[in-house]
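Heads up: the structure comes next, in structure tokens.
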There are 4 protein chains.
Amino acid sequence: MNNAKALPSYLLQRYQGWKATGYAENQTWYRRLAAEGQRPRAMVISCCDSRVHVTSIFGADQGEFFIHRNIANLVPPYEPDGKQHGTSAAVEYAVNALKVAHLIVLGHSSCGGVAGCIQMCQGKAPELEGQDSFVGRWMDLLRPKYEKVENVEDPAEQQLQLERQAVMTSLENLMTFPWIKEKVEDGTLSLHGLWTDIGEGSLEYYDAKSGEFEPV
Amino acid sequence: MNNAKALPSYLLQRYQGWKATGYAENQTWYRRLAAEGQRPRAMVISCCDSRVHVTSIFGADQGEFFIHRNIANLVPPYEPDGKQHGTSAAVEYAVNALKVAHLIVLGHSSCGGVAGCIQMCQGKAPELEGQDSFVGRWMDLLRPKYEKVENVEDPAEQQLQLERQAVMTSLENLMTFPWIKEKVEDGTLSLHGLWTDIGEGSLEYYDAKSGEFEPV
Amino acid sequence: MNNAKALPSYLLQRYQGWKATGYAENQTWYRRLAAEGQRPRAMVISCCDSRVHVTSIFGADQGEFFIHRNIANLVPPYEPDGKQHGTSAAVEYAVNALKVAHLIVLGHSSCGGVAGCIQMCQGKAPELEGQDSFVGRWMDLLRPKYEKVENVEDPAEQQLQLERQAVMTSLENLMTFPWIKEKVEDGTLSLHGLWTDIGEGSLEYYDAKSGEFEPV
Amino acid sequence: MNNAKALPSYLLQRYQGWKATGYAENQTWYRRLAAEGQRPRAMVISCCDSRVHVTSIFGADQGEFFIHRNIANLVPPYEPDGKQHGTSAAVEYAVNALKVAHLIVLGHSSCGGVAGCIQMCQGKAPELEGQDSFVGRWMDLLRPKYEKVENVEDPAEQQLQLERQAVMTSLENLMTFPWIKEKVEDGTLSLHGLWTDIGEGSLEYYDAKSGEFEPV
């Protein structure tokens with residue numbers, strides 16, 4: 001591998017600033033985390049989107065959340081076929097090795113992955129249809145839910161509803177993992193579905209009783 | 001899905017604190033991000049480990065980094081087989097849709113995934129060998145590199161070297177994606193390999209010239 | 001004193017969140033508490049254990065409970081020898097200056113102090129035996145009660161019984177303070193013994209009639 | 001012990017409310033805390049005063065802070081004489097058994113213990129002078145600092161300055177414990193001094209460089 005480059009200088013400068021301040025002030029905590037290992041309370045499954053910082057929203061510090069981020073915060077169903085499943089590996093490590101108490105799926109507004117899924121389902125994104133489109137194949141996970149929103153006329157409302165379906169899909173798929181189902185049923189693990197509006201800073205949660213998303 | 005629960009109250013309280021401060025103070029920026037979409041300058045591929053906050057280390061604000069986090073910050077090789085590849089989907093979206101200028105792979109000390117890989121390679125982790133171990137199958141991506149470190153006698157040094165191999169493996173695999181190779185070669189995308197020590201707050205980068213990791 | 005450091009930033013951020021929400025919403029109450037002084041209805045003597053929040057369990061707001069927390073919620077006997085007795089000072093201030101109506105001793109499951117006491121009594125904790133072990137000397141307060149549980153074979157049951165003995169010891173020792181005994185006898189002060197199970201969230205109280213702990 | 005009474009009904013009712021809500025929503029977390037033990041990040045030494053809720057100010061949940069509360073948040077000097085020292089026992093358990101990363105001393109406005117100390121020092125509180133005044137003897141810990149504030153004419157300012165001296169005294173005394181000094185010097189433990197104004201909700205920290213308390 002001879003193509004890697006040194007860090008851009010603006011990042012180098014920011015790193016040195018953090019080292020002299022954020023790190024220096026919390027050195028004892030970093031050393032303890034290093035010596036004793038992590039023991040996070042929750043796993044958060046969030047989108048890669050640069051506008052969603054789960055650590056900001058919840059004032060979380062180093063050591064609190066085990067965080068997996070992928071396109072559209074999707075969890076595939078349980079499929080132990082011996083192949084690579086990065087999301088399932090992250091969930092397995094959190095639940096079985098770290099024994100987190102909470103699995104939180106966090107969706108968000110203006111999700112590019114969800115928008116691409118709608119385009120695909122409406123036949124407007126041939127570039128996502130091929131075997132060589134990883135984004136397209138990944139969004140196939142959400143595709144069956146499009147029928148629940150296809151009659152919504154307002155595009156913004158349709159997008160929002162499919163974003164919420166993405167959160168619900170992940171919650172449903174999490175329950176197909178036998179060791180998650182068991183822990184949820186015996187009360188040692190709880191699942192949470194959230195959706196945040198980037199522009200408004202609002203937060204909604206999936207209410208299992210009403211089957212709707214409600215403001216927190 | 002009837003098992004989801006409301007947000008634990010401590011997170012609710014912290015969210016409301018953020019809404020009244022962090023969000024309120026930056027509302028104009030959040031609204032602009034929502035209205036105009038994201039335009040991150042870099043993608044970071046980091047570990048799910050709760051002790052690694054790339055946004056802290058680099059003082060990054062909302063909108064700056066497109067972040068994928070998985071176990072051991074691994075990127076699989078290009079494999080357009082029509083199946084789900086979450087990491088490849090995230091990379092594709094960052095490079096082809098968002099046109100980021102930098103792909104940064106960030107490894108770290110005390111990585112649980114790397115430790116598991118070593119256990120597997122030494123025949124000490126039968127629980128990771130089965131088809132139903134997502135962590136084990138995911139760490140197969142790094143397994144071929146074990147031979148480079150198997151003669152290292154000090155276990156701490158061995159772990160550290162394999163953590164660096166994980167970063168190098170991801171850099172190598174990124175170059176198997178044809179649209180990444182092309183952009184790297186025409187100078188519109190650069191790759192960066194980093195490794196951070198959690199306890200010391202230090203940062204090293206992969207130096208393509210020496211083939212070694214060097215302090216920044 | 002030149003070793004003190006500034007507040008870790010995650011606490012700073014959370015404080016600012018509280019200031020903008022919890023404080024702002026209750027400013028009139030905080031100001032009145034500051035202007036008029038506290039007038040708590042009860043004193044609670046609880047353990048330092050991070051898992052026991054008496055304010056959560058009883059939905060208590062600022063101003064309601066005068067709270068002393070020490071290892072294993074122990075009250076020493078009345079010993080007016082002119083030396084420092086922090087617990088006795090707290091009790092004196094609550095009863096004589098603030099004239100609380102209730103003294104509540106709250107024990108809990110998995111108490112580390114009680115576990116240490118059992119280890120000492122079984123000769124398994126030499127590190128707690130020296131003059132320089134403040135934890136060991138503090139747990140001497142409970143040591144005479146070990147004989148009541150030494151024949152209990154199940155270690156979990158033994159621990160639980162000694163935790164309850166700790167609550168009863170404190171109640172007994174409180175009655176050795178002459179100004180407490182007097183107030184209890186003339187009906188202006190009442191004592192209460194409680195024990196909570198952290199994992200189950202259950203609560204039991206000491207029933208003076210049966211001499212047993214009963215579910216509330 | 002035949003004087004203990006059942007819980008007052010208003011507390012019983014609130015407990016049952018918490019059990020059905022706060023506990024039920026976080027059952028998985030409480031069970032995990034019970035099964036795995038506590039691992040708090042910080043110890044807080046705060047006053048018993050009913051108006052100071054460190055868990056509110058810092059949005060802390062069960063498991064985060066190991067909390068000792070006594071009159072005027074005072075730590076006595078290291079005195080391994082084989083007698084009971086409740087505060088020293090709590091500090092020993094936090095530092096040596098739990099290995100917390102932070103020791104935080106939190107003082108506050110309108111502190112009754114500090115006010116009593118001023119009264120004593122001005123000869124206006126004969127009732128605090130006797131051997132049988134536990135509050136008086138406890139406040140002897142702060143008494144030598146009165147000379148630093150005795151020329152302050154404004155009584156409110158004098159009280160405030162002595163409250164800050166109480167925080168500094170505790171920080172100084174903490175450093176007389178050999179195992180604290182060692183950890184502070186090798187960077188695995190940090191000390192923090194804070195003072196909060198109850199009515200204003202403000203927070204100040206002791207700045208070792210300036211030797212003054214500064215707003216956070």
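Here, residue 1 is simply the first one shown, and the rest follow in order.
Glycine is no exception: its Cβ is also placed from the backbone N, Cα and C atoms.
According to TrEMBL, the protein has these features:
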- B:C47, B:D49, B:H108, B:C111: Zn(2+) binding site (BINDING)
Lowest local Cβ density among B:C47, B:C111, which the record lists as binding-site residues, within 10 Å: B:C111
DSSP-derived class (H/G/I helix, E/B strand, else coil) of B:H108 (Zn(2+) binding site): strand
Around the Cβ of B:D49 (Zn(2+) binding site), the count of other Cβ atoms that are within 10 Å: 28
Cβ neighbours of B:H108 (Zn(2+) binding site) where a neighbour is any other Cβ within 10 Å: 24
Residues within 8 Å of the B:C47, B:D49, B:H108, B:C111 Cβ centre (excluding the Zn(2+) site residues themselves): B:S46, B:C48, B:R51, B:V52, B:A72, B:N73, B:G107, B:S109, B:S110, B:G112, B:G113, B:V114, B:E163, B:I198
Binding-site residues in contact range of chain A, given that the Cβ distance is under 8 Å, out of B:C47, B:D49, B:H108, B:C111: B:D49
